[in-house]
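So Swiss-Prot has the following annotated:
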CROSSLNK  K22  SUMO2 cross-link
CROSSLNK  K27  SUMO2 cross-link
CROSSLNK  K27  SUMO1 cross-link
DOMAIN    52-134  domain 'SCAN box'
MOD_RES   S132  phosphoserine
MOD_RES   S142  phosphoserine
CROSSLNK  K147  SUMO2 cross-link
CROSSLNK  K177  SUMO2 cross-link
CROSSLNK  K236  SUMO2 cross-link
ZN_FING   251-273  zinc finger
REGION    251-301  region 'Necessary and sufficient for nuclear localization'
MOD_RES   S274  phosphoserine
CROSSLNK  K277  SUMO2 cross-link
ZN_FING   279-301  zinc finger
CROSSLNK  K286  SUMO2 cross-link
MOD_RES   S292  phosphoserine
ZN_FING   307-329  zinc finger
ZN_FING   335-357  zinc finger
MOD_RES   Y335  phosphotyrosine
CROSSLNK  K361  SUMO2 cross-link
CROSSLNK  K367  SUMO2 cross-link
Amino acid sequence: MSAQSVEEDSILIIPNPDEEEKILRVKLEEDPDGEEGSSISWNHLPDPEIFRQRFRQFGYQDSPGPREAVSQLRELCRLWLRPETHTKEQILELVVLEQFVAILPRELQTLVREHHPENGEEAVTVLEDLESELDDPGQPVSLRRRKREVLVEEIASQEDAQGLPSSELDAVENQLKWASWELHSLRHCDDDATAENGALAPKQEIASAGESHEVPGTLNIGVPQIFKYGETCFPKGRFERKRNPSRKKQHICDECGKHFSQGSALILHQRIHSGEKPYGCVECGKAFSRSSILVQHQRVHTGEKPYKCLECGKAFSQNSGLINHQRIHTGEKPYECVQCGKSYSQSSNLFRHQRRHNAEKLLNVVKV
């Protein structure tokens, strides 16, 4: 390869899950209009997750200068979000999905990622299926430890806001800026532990709360609380299941202290800590910690769609997909906006609707 061709290549060092490094050379060439374009074969690129990780882990020291750093970040972001093949809504869902997975407890992050969800709705379905299968769904705090419905209180009503040092005011301003995109995209976790007082429990308190649904604690961000965690945007009872108080739990996890009434449930749970994935797909080699997950995955290869709508005959590979589809026929709209009362059949539609409310709130606060 000539020196000129090397200079025209954009070289990205991408760590794979085994912490090895491989070099992807993205050849840039002139398009017919004289502008630079990419000759990337999108179908043969590695998993977008690799580029997402590299994009987030990229450091300034990884490039010779600021211009090169921006160029590398732009290319990594493009290879992750792939605007050439994804719509704006799909790109939005990828960003929402990333943030949602990031706020999950580490153990749940592992379980969600091995399903390779393509959007937030699929990630939520994974957690719902997990809770319905595990023996101890009565501890939903780990799944719902954060309120996603973020409402911004008027700064003028904060008595202490007038006396804030400039550094804290800057912190407040920065929160307003990034909240308009990052936080308001994920308003879908119903947290019984904070429904009464709107407070956010620290991770340590949540972990020790055990069976309790009332977890004390407040949001500590180093500045006065200008963010208020509002009511849930999910139907009441979501992530909940009635429990049998007489059922004793004699099996205890040595890692986290969680109790189970059946030894089989404990074995499944312990794979979260050990990372064991004994169920492998013979088609593609992917491994999973639970046989039920493997069964769902194999439908990607077989095309099997065992869940059929009795109204129109449309079939789905997962029961959750059928449930969502049936709302078209029944007219059910369980996802309600707590600010205006408008209801939707899909949580993703509610997310988009709430963005409008949150943007208006943020603009009003900035104008104060």
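A Cβ is built for glycine as well, from the same backbone N, Cα and C atoms used for every other residue.
Tell me what's around each of these sites.
Residue counts for the domain 'SCAN box' (52-134) under DSSP, split into helix (H, G, I), strand (E, B) and coil, are 63 helix, 0 strand, 20 coil.
Confidence across the zinc finger (251-273), taken as the mean pLDDT and rounded to a whole number, stands at 79.
A helical conformation is recorded for S274 (phosphoserine) in the three-state DSSP classification. A simple way to gauge crowding: the CB of S274 (phosphoserine) has 9 other CB atoms within 10 angstroms, across all the protein chains here.
For K277 (SUMO2 cross-link), the count of additional Cβ atoms within 10 Å of its Cβ stands at 16 [all protein chains shown].
With helix defined as DSSP H, G or I and strand as E or B, the zinc finger (279-301) counts 11 helix, 4 strand, 8 coil.
Of all Cβ atoms in the shown protein chains, 16 besides its own fall within 10 Å of the Cβ of K286 (SUMO2 cross-link).
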Measuring Cα to Cα, how far is S292 (phosphoserine) from S274 (phosphoserine) in Å?
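Taking the Cα atoms only, S292 (phosphoserine) lies 18 Å from S274 (phosphoserine).
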For the zinc finger (251-273), which recorded stretch in the set 279-301, 307-329, 335-357 gives the largest number of Cβ pairs separated by under 8 Å?
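Stretch with maximum Cβ contacts: 279-301.
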Quick one: Cα separation, Y335 (phosphotyrosine) versus S274 (phosphoserine), in Å?
36
What kind of secondary structure is K361 (SUMO2 cross-link) part of, going by DSSP in three states?
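It is helical.
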Which one of these recorded positions, Y335, K361, has the sparsest Cβ neighbourhood, judged by other Cβ atoms within 10 angstroms?
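So among Y335, K361, the recorded positions given, the one with the fewest Cβ atoms within 10 Å is K361.
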Can you name the far-off residues of the same chain, 6+ from the ends of the zinc finger (279-301), with a Cβ under 8 Å from a Cβ of it?
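Sequence-remote neighbours of the zinc finger (279-301) are 111, 114-115, 129, 133, 268, 271-272, 317-318.
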Quick one: DSSP breakdown of the zinc finger (307-329) into helix, strand and coil?
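Per DSSP, the residues of the zinc finger (307-329) fall into 11 helix, 4 strand, 8 coil.
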